[in-house]
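See below for the structure under consideration.
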Amino acid sequence: MIDETTKLRQEDPESGHTEYIDDEEVDHQAYYNGLEKQTESSPVSRSRSVIWTGINIVSTVAIVFTNKTIFSDPSFRNCQITFAAYHFFVTFATLWLVSRSWIGFFQPKTTSVWQVLPLSIAMGVQVILQNLGLAYSSVVFHQLSRLLLTPFVAGLNYTLYGTKLSRSTILPLTLLFIGVGIVSYYDSLPKGDGKPTTSFWGVVFALAGVGASSIYTVWVPGYHQKLELDSMQLMFNQSPVSAGILLVSIPWMETLPTVSNVPAPMWSMVLLSGFLATLVNLSGVYIIDAAGPVSSSVVAQVKTCIIVSLGWVYCGHVVDHRSLVGIMISALGMALYLYIMATEQGKK
């Protein structure tokens with residue numbers, strides 16, 4: 001899966017920092033502010049924005065449970081690299097199609113493979129780790145762990161670029177960490193059938209995926225500035241590179257399932273996952289470009305609430321009340337953080 005949270009990623013790359021590119025400072029907060037101003041000045045149809053937002057929410061929620069079903073099948077449980085390559089290929093094919101003049105969804109612009117290689121590697125790694133996390137953890141924990149992308153990005157910006165967090169954000173981010181920690185602990189305890197819904201490796205993969213996504217999120221604004229590409233143009237260039245890198249590594253790292261051993265309905269799920277990935281990517285890019293990163297972050301939290309709620313039903317067991325407390329603490333922390341960031345943004 002590509003986390004909606006990508007989208008929102010970021011779903012959402014909602015951070016601002018100063019990065020050094022070719023000895024020139026790039027003010028990423030100005031970049032994001034520019035997106036917001038562009039949003040205000042562009043004659044974007046409100047109904048079109050609502051439609052794309054609805055498509056993004058529905059497709060993101062659907063792909064999480066679709067992928068969870070696929071990875072629960074023994075034939076696909078250890079095929080995360082293959083699956084990620086498949087999604088990248090489908091994404092590139094779709095972007096190529098919609099960039100044709102007779103559709104005109106966006107204007108294609110190409111760059112060299114070497115220029116997007118580091119970003120493509122980061123993109124591939126973070127998707128693989130997300131898939132692994134989803135395969136070895138519950139849907140609820142997997143989705144809540146994605147909320148940690150915000151504090152991880154903030155910490156990475158501080159470490160690499162010296163960007164300081166506002167003191168007012170410390171409490172919300174602390175609540176977010178505490179909430180996710182509570183859920184990860186109680187979700188890893190054995191349930192009625194004696195099995196935990198989230199394994200140790202599920203936690204490791206999920207946190208590693210958040211770390212990899214943070215690196216990718218921090219890098220993206222710099223590539224926009226350096227290569228002068230918008231979101232769709234950048235994805236158009238990096239998705240085939242990511243797919244190619246993963247395809248080369250598949251023979252050394254994975255054993256593909258035997259076609260005859262895979263039930264026919266499961267292949268239908270695989271096709272559905274590719275279709276949903278396309279909708280997630282196209283709608284996610286549109287939301288970030290048209291509505292801005294702040295609005296896209298709010299959409300991301302709506303998706304989290306829906307996925308967590310449906311995740312309880314999907315798990316098929318009574319949710320531990322202590323996990324419920326952790327979920328509420330995480331939601332409170334994220335809501336406070338978004339409110340503080342929106343307030344500070346409005347003062348600038």
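From the backbone N, Cα and C atoms, a Cβ is placed for every residue, glycine too.
Note that TrEMBL annotation is computational and uncurated.
The annotation transmembrane segment is assigned in TrEMBL to 50-71 (among others).
The feature transmembrane segment is assigned by TrEMBL to 83-99 (among others).
Note on the transmembrane segment (111-129): residues 1-2, 80-81, 84, 87-88, 205-206, 208-209, 212-213, 215-216, 219-220, 223, 227, 229, 234, 237-239, 241-242, 245-246 of its chain, located 6 or more positions outside it, place their CB under 8 angstroms from a CB of the stretch. Residues annotated as transmembrane segment in TrEMBL: 111-129 (among others).
Summarising the annotation, TrEMBL assigns transmembrane segment to 135-158 (among others).
Through the fold, the transmembrane segment (170-186) approaches residues 140-141, 144-145, 147-148, 150-151, 154, 198, 203, 320, 322-323, 325-337, 340 of its own chain, all at least 6 residues removed from its boundaries and within a Cβ separation under 8 Å. Per TrEMBL, transmembrane segment is recorded for 170-186 (among others).
The feature transmembrane segment is assigned by TrEMBL to 198-222 (among others).
Marked as transmembrane segment by TrEMBL: 234-253 (among others).
Annotated transmembrane segment per TrEMBL: 265-288 (among others), in sequence order.
Residues annotated as transmembrane segment in TrEMBL: 300-319 (among others).
For the transmembrane segment (325-342), same-chain residues at least 6 beyond its ends with a Cβ under 8 Å from one of its own Cβ atoms are 14, 140, 144, 147, 150, 166, 168-169, 171-183, 186, 294, 297-298, 301, 304-305, 308. Annotated transmembrane segment per TrEMBL: 325-342 (among others), in sequence order.
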**Fill in**
Quick tally over 83-99, 198-222, 234-253 of CB pairs under 8 Å to the transmembrane segment (265-288) gives the top stretch as 83-99
**Spatial neighbours of the transmembrane segment (83-99) far in sequence, C-beta under 8 Å, 6+ residues away** = 1-2, 67, 70, 76, 105-108, 123-124, 127-128, 131, 232, 235-236, 239-240, 242-243, 246-247, 250, 270, 273-275, 277-278, 281-282
